[in-house]
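Shown below is the structure under consideration.
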Amino acid sequence: MKERSILRTLFLWRLINALSIRSFFQADEYWQSLEPAHVKAFGYGGLTWEWQHGLRSYAFPMLFEMSYYVAWILGVATRMALQGLAHATALCGAVVPSGAAGVAAMKAVWELPEAAQELVEYYGVLYGPRVVMAAVAACGEFYSVLLVRKLYLRVADKGDDQKGDAAPVSRLALMLTMTNFFNCFFATRTFINSFEMTLTAVALYHWDWSGGLDVGSLGFSASLAVAAFACLQRPTNVLIWAVLGLFLVLNLVRSRRWQLLLTLVAKVAAAGALAVCANIAIDYYFYGGVLLPLLRFIEFNVTTPLAAFYGRAPWHFHLLQSVPLIVGYALPFFVGALLTHNFRRGNAGLLGSPIMQIKCVVVLNIALYSCIDHKEFRFLYPLQPLFLSLSALEMHTWLQHHHARGTAWLKRVQSLLYVLPVLSITAALVLNTAHEAGVVSVMDYLHSAVPSAESIGFIMPCHSTPWQSHLHRNDLGKLWAISCQPPLDLLHQEDAGDQLLTYMDESDHLYENIPEFIHKNFPPVFRRDLRSPGRQYAYEWPEFLVVFEHMDEAFMKEYLKDSNYVEVKRFFNTLSHWDSRRAGDVIVYHKSPWY
């Protein structure tokens, strides 16, 4: 396949993938990407403490801000077009019936432009970021496939890595990446890890895999700049480039190419300076001041134990869960690639072999990530281009070997290569459309089915739903949810680790004793005149109340039984959930006016 065909295929596939997503995976999907962009574009939304304290770079959310501006422009253009039509209709007033029917018709014509603008803008806000992520994911996978081809031609001893017959291995890599479960489930979600994976794939493709011969090339300069920018978005990305950079330096020293070594140092400095300047400019645009979120991120996550506030996982989490989940059904070939060296001739020795370098990067990154207390599947996602490279090359070698031998059972094994991709895509589709879909659907409902509301409240674990990036309503009254602020006052205390063990945020206090929390922080729900005179409450009962079924059964249904609240809508969310607090349906209550 031609490169253009590969890119077109990937984009169309990921666009379908992105538009099919109806579910929620983790809070960062919305709160660390879409919400800051929505705040910047429209002037309202929710900013988490990380954004309030400058721990995050705005480079990734800026992509969505641009899509929001496109949505706004399309909305305005739609309104102007319909207003022109309305004026034309008014000029043709003679054909409009007289009387009440004519007045109603003209009123509808004049109101249509505003309603159409709101509708176009809203759907642009919902689907614009998905188109952006389809492009981001497709770009990352495109360069991952090109990387596989480039490595194959090099390790197959073809000489020039731009020549030779790499079509079979390219098609295999394309099939593996398009049907990979985690790619189908995760790649088009608005996580910065997907953006990081794409930057990593681009930089890896342009990297100097020749041992130093391409250090002076323009492509290698681009690789350094993109890699530096990726490290500024996610500091842990430096673990990839530190290993590859060390191999490159050792190769140059071993071959005594001192001039190229000096060129490398100069290019690294220039690329780093360029990336830092670009990042500072972007963050200045958002924060209104010069700062380096990288430094504040390191302060919180490295120099203090507060990163563990978001959870700890056993040392083997990445080894036994993250890697199998991300690699998917190609796992046997990935493991085989790590344990063997079946690829053809290539450069001899550890230093000169691109495959051995990749193995070192993968092993060391998994080991180092395993040393960090807070672990999530997505933290390893930037390694996906390398996972794909090892899996595709090993599978290609294995298929060639057994095809040449003509083994009878090969046909039975090959049938799995059709079944497993289908199962992989199906599993991702189910999770994308059904599991945890209720927390997204409820925001769509509150946007479309609630014409006005004095207040909307969410009594559930913090950040359980999207926010204004899906609600997109600045005409509502008070909008609130239970919070989960980390203990930032412990940042510079020596015993922060010990205090963290006993620290409880607001969500913890809520679920430790639901009745006590409600009675302490809310006024009586039955009558306004029952509240204690002069007493201030943390929350007021909202007009629309949103809870999980777990909360409803544990407390809320019985508590609200004799109040003005009635259940008005229920959304399926999960059959089961690893966090029991989020189990069951999402329920919406509505409170009629006080009597």
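For all residues, glycine too, the Cβ spot is worked out from N, Cα and C.
Taken from Swiss-Prot, the feature transmembrane segment covers 58-78, 85-105, 128-148, 185-207, 212-232, 235-255, 260-280, 289-309, 319-339, 413-433.
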At a threshold of under 8 Å on Cβ distances, which of 185-207, 212-232, 235-255, 260-280 pairs most often with the transmembrane segment (413-433)?
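If we count Cβ pairs closer than 8 Å to the transmembrane segment (413-433), 185-207 scores highest.
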In the same chain, who gets a Cβ under 8 Å from the transmembrane segment (260-280) while lying at least 6 residues past its ends?
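For the transmembrane segment (260-280), the sequence-distant neighbours (Cβ-Cβ under 8 Å, at least 6 residues beyond its ends) are 57, 59, 212, 215-216, 220-221, 224-225, 227-229, 231-232, 245, 248-249, 252-253, 290-292.
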The transmembrane segment (185-207): which same-chain residues, six or more beyond its ends, come within Cβ distance under 8 Å?
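Counting only partners 6 or more residues beyond its ends, the transmembrane segment (185-207) has Cβ contacts under 8 Å with 14, 17-18, 21, 25-26, 28-30, 32-34, 60, 63-64, 129-130, 133-134, 136-137, 139-144, 146-147, 150, 219-220, 222-224, 226-227, 229-230, 233-234, 237, 240-241, 244, 378-379, 381-386, 427-428, 431-432.
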